[in-house]
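K.L.:
Not my notes, these are from Swiss-Prot:
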- Asp24, Phe25, Asn26, Arg39, His62, Phe63, Gly64, Arg65, Arg121, Arg154: substrate binding site (BINDING)
- Lys205, Gly296, Glu327, Gly354, Gly355, Asp356, Ser357: ATP binding site (BINDING)
Amino acid sequence: MTKKTVASLSKSDLSGKKVLMRADFNVPVDNGSITDDTRIRAALPTIQDLTEKGAKVILTSHFGRPKGKVNEKMRLTLVGERLSEVLGKEVKKCDDCIGDEVTSTVAEMKDGDVVLLENVRFYSGEEGNDPEFAKQLASVADLYVNDAFGTAHRAHASTEGVTKYLSPSVAGYLIEQELKFLQGAIDSPQKPLAAIIGGSKVSSKIGVIEALLDKCDKLLLGGGMIFTFYKARGLSVGKSLVEEDKIELAKSLEAKAKEKGVTMLLPTDVVVADKFDPEANTQTVSIEAIPDGWMGLDIGPESAKVFQDALADCKTVIWNGPMGVFEMEKFAKGTEAIAQTLADKQDAITIIGGGDSVAAVEQLGLGEKMSHISTGGGASLELLEGKKLPGIVALDDQ
């Protein structure tokens with residue numbers, strides 16, 4: 001998917017032009033303050049490039065799930081304030097995303113100004129990709145930039161619908177980066193390629209495991225999903241999480257890996273607990289010796305070492321999903337060990353593919369050491385699965 005990008009637009013293309021830019025400002029908020037502004041900062045390179053080239057930037061985003069009606073708690077007021085701070089200039093915030101107020105605010109904009117529209121999901125036409133709503137959103141602008149990778153897997157009015165009314169429609173720098181690393185790792189990786197897949201359920205990672213079996217040399221599995229694989233091997237897993245209806249699938253995935261010559265590694269030891277609780281009693285046991293009534297909540301130290309050795313010669317590593325219940329200190333060591341191993345691998349391309357593994361890496365302060373940290377959860381997974389993302393397909397080809 002080689003798409004036209006903001007970088008290809010010159011000052012003469014943009015000067016005085018009104019640009020509708022879709023960003024992903026769906027940031028975590030607690031007690032009336034933003035707890036992590038990564039997504040806001042991720043949009044800055046595109047916003048700054050547009051304003052420096054003399055464009056009038058009209059920002060749009062969703063926030064939370066207001067289900068098509070106004071929800072006072074889900075207004076973008078805090079986002080507007082933080083944007084003004086990090087951009088070092090006033091960002092005017094509208095109380096709607098379509099209509100008279102928007103039209104008159106945009107009419108007063110000067111070159112280089114930035115305006116933030118209200119939460120697009122206050123209208124059901126956003127998630128319904130209603131052409132009339134998309135047309136109204138687009139009506140105030142001359143061209144379109146999508147830099148919201150986190151929602152690129154959704155065909156919504158602000159990610160897909162508006163492209164029918166605005167030309168050119170191009171990718172921002174964030175989407176360009178995401179495609180370069182994620183698409184690059186799938187289409188033309190430096191080999192050997194390893195994928196580390198974690199998380200609690202096989203069901204949510206089936207697509208990505210199947211797709212990666214066609215691409216990678218090594219597949220390392222961790223997290224709660226491993227117990228479904230152990231059960232498929234006939235092992236006793238105590239009270240560990242098992243998806244009974246996925247046991248046959250686990251067998252077939254192992255068989256497929258063997259058939260394709262992919263090294264598929266599961267942990268050899270696990271940290272088990274007598275209950276799902278931060279204060280639980282714990283012990284480290286071999287996978288053949290999980291006691292009845294106990295549950296596995298992390299990979300063990302021996303497994304972390306085996307995984308580390310397996311990654312030693314890899315030139316590209318994709319990681320999606322934690323190795324254990326890393327939110328609880330007693331079950332965080334496996335995830336921490338993998339994060340540290342990747343941070344130390346300066347001879348390889350390391351891609352942290354969205355979701356909880358990103359949170360773990362950021363918490364440990366290792367983000368800077370990775371080649372790429374994806375801002376998309378579902379979007380990253382779908383791209384790694386080889387699916388086409390509607391928000392990207394809709395953009396102009398190079």
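Heads up, the Cβ atoms here are built off N, Cα and C, so glycines get one too.
Surface or core, plus neighbours and distances: that's what I need for these features.
P.N.:
According to its DSSP assignment, His62 (substrate binding site) is coil.
According to DSSP, Gly296 (ATP binding site) is assigned to a strand segment. Sequence-distant contacts (6 or more apart, same chain, Cβ under 8 Å) of Gly296 (ATP binding site) comprise Gly224, Ile226, Phe227, Val237, Gly238, Ser240, Val270, Val271, Val272, Ile290.
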K.L.:
Tell me which of the binding-site residues Glu327, Gly355, Asp356 ends up closest to His62 (substrate binding site) in space, Cα to Cα.
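P.N.:
With Cα distances computed to His62 (substrate binding site), the winner among Glu327, Gly355, Asp356 is Gly355.
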K.L.:
Same-chain residues six or more away whose CB lies under 8 A from the CB of Gly64 (substrate binding site)?
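P.N.:
In sequence order, Asn26, Asn71, Lys73, Met74, Asn119, Arg121 meet the Cβ cut-off.
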K.L.:
I need the CA-to-CA distance for Gly355 (ATP binding site) versus Asp24 (substrate binding site), whole Å please.
P.N.:
15
K.L.:
Just how many other Cβ atoms lie inside 10 Å of the Cβ on Arg121 (substrate binding site)?
P.N.:
25
K.L.:
I need the least crowded one of these binding-site residues (Asp24, Glu327, Asp356), counting other C-beta atoms within 10 angstroms of each C-beta.
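P.N.:
Comparing Cβ neighbours within 10 Å for the binding-site residues Asp24, Glu327, Asp356, Glu327 has the fewest.
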